[in-house]
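Presented below is the structure to which this report refers.
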Amino acid sequence: MDKSSSYVYVVTISNLSEYKNENVLSSSIENLFTKYLHIQITLDDIDIISNRGKKAALIHLQSREEAQRVQHYLSSRNGRHNLGFNFLQLADPRVDIIVEVKQESNEQHDTCYFHGTKIGSESRNREFKKGGGNYAYDHLKNDIGVYVCAFLNSEEEGTLFIGVNDEGIVEGIKCDHRKEDTIRKDSIDPGIKAIKPEIFPENYNVKFTPVCDVNNRQIGNLKVIEIKVKKVEQLTQLYEVFNGEIYIRRDGSKQGPLKANQIQEWHNQKNKRFTQQRIKSAKRHGEREAGQLEARLEEKDQRIKEKEDRIKEKEDRIKEKEDRIKEKEERIRSLEKQYNEMARAKSRLGHRIDDTEKQMEKEKKFLEQKMEEEKKILEQKVDEEKKTLERKMEEEKKILGRQMNEEKKTLEEKIRNMEKREKKFNQHILNLKTDMKKLEEQHNTTTDDKAALEQRITFNEQEKIELARRAEELENEKMRLEHQIEDTKKEVEKSKNMSSGVEEDRKMLEQHVEDMNLKMKQLEEDIDTTEEEKSSLEQKNNDMRLENKRMEEKIKKFEEKEKILKGRIRAEKNERKTKEKQTEEDKRKLEAKILEMEQEKKILEEPNSKIKEENNRMENRPDLITTQPEKKKNEKSSKTCVIS
């Protein structure tokens, strides 16, 4: 084995940048050692220390060659320049880093934890905390107060391990001597001092155990903190921490902070045990004394027959007092039964309150679910009705468009026929004019024929005027229709100069206009129906709002019921408090009665002591034994004298 393996080499790099984060500095140092110096290290081997604003790094190396390489390249400027590493990642500009290499002993440890091994699982007597990051400064103080308080109140030994994860595997935390002192001063001591009543140093033990590798050598500054709490022999008062919070240790977890009723139950159980122990001890003591008295009386009965009367009287008195004691014991038992019944009633009330609260929560959830379901159903119905209305509107629009197109086509055909008839009418007028010219040229026609022709011409002009008037009326009626009917107005204006055959076409047009008006009325009716459907939807929305208001009123009623139930719960709690006060008073009365019983026992013991003294005197002076009957005679004679 090489001698250098028994030593650890610590490299300190000081004058680091004050403005850079510790994580950034440690990652850049790791990059420097692994890539440029070809020394394999991890972030666990690097510790960043800050003192009065100045930062330094501690790197733990295992071999002398690595330490010599670091000293060769980093102790001088030339060596640093030859590496090619950007040292601005570590130090500020125009600031030289200082590198020192120290040799420390790496002796094998007798007691240590091996890294990565499992030391067990959490139980009633063990609690594991990983302790990563700033745990030692942020959370350790609080956890020490809570878990030490829980171990003390459980009346058993317990150990808090920091540096072990929840699965029981050893990981360790970084902790050098300086950090160990700060943890003791800032976290462990204040956490334990926060516990009341005060804990003495002999009741707990703090230990910093190193973490080693397979070769039993410490891994950097990794340690496991053990805080061991000893068992409290007689726990008369619960330990509390910080703001009066009380914790108890259960199997693998802590319970707390405890409520007032839980603390009261603990005190009741403790007092019950204490009273039972005192009663048992008093009974045993009385039984022992009675046995001793009986043995002594039997011995003295053999020696002294004259004192039988007195002893019998005293025994009768003792029996009477024993009867009184028995009566008092029966009373104590009855009071204990009453106390147990009160405790059972308390537990039943607690269960009822919990059941009512659970029922209230279930009813709340059920009402909320109903509200959501009804809202969803109504929204679905509204959406479906909207979709159906939109589909109907689109279908009706398509049908109306088709009808309008068909009517347009029919109108265009009629207009074409009107144009043909106008052409024929114009041609007929031309023929009449030619006939007039022929008649004037021939001069065979008479003046009567001319007059008749002129009358026919005037008659045709009158018909034209009437047609124009009727066409104007048609135009006034067509103005009410849409743009499709306006095309027909222009074509009717052209038919002013048509003949009598146009009247039939005009009637057809009027009938067509009436049909179009009827269709327009139907469209207006459809629009009215759509408006009615809209109004029905609005009514449904109003109904929805009313239902929401009703639901809100139900919720308000439910909240009022909750308030009533809470008031009942408060009243029940007040009743509990009153009953607890009564139980405390009963306890006090029991204690006073026990004291009275003890005093009576002392009174009973006093005549026994007098009997003992008299017996001792009799044993020392046997002459008095023979003379006692004579004394009785003398006493009787003296009594007779006094009576006379």
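Glycine is treated like the rest: Cβ placed from N, Cα and C.
The compositional bias 'Basic and acidic residues' annotation in TrEMBL covers 284-315 (among others).
The feature compositional bias 'Basic and acidic residues' is assigned by TrEMBL to 478-496 (among others).
Under the heading compositional bias 'Basic and acidic residues', TrEMBL lists 532-549 (among others). Sequence-distant contacts of the compositional bias 'Basic and acidic residues' (532-549), counting only residues of its own chain at least 6 positions beyond either end whose CB sits under 8 Å from a CB of the stretch, comprise 374, 378, 381-382, 385-386, 389.
What TrEMBL lists as compositional bias 'Basic and acidic residues' is 567-622 (among others).
Annotation comment: TrEMBL describes 629-638 (among others) as compositional bias 'Basic and acidic residues'.
Counted with DSSP, the domain 'Schlafen AlbA-2' (122-255) comes out as 38 helix, 47 strand, 49 coil. The feature domain 'Schlafen AlbA-2' is assigned by TrEMBL to 122-255.
Positions annotated as region 'Disordered' by TrEMBL: 282-315 (among others).
The region 'Disordered' annotation in TrEMBL covers 478-506 (among others).
Among the features that TrEMBL reports, region 'Disordered' is placed at 522-549 (among others).
Per TrEMBL, the feature region 'Disordered' maps to 567-644 (among others).
Across all of the domain 'Schlafen AlbA-2' (122-255), the predicted model scores a mean pLDDT of 85.
Broken down by DSSP into helix, strand and coil, the compositional bias 'Basic and acidic residues' (532-549) contains 18 helix, 0 strand, 0 coil.
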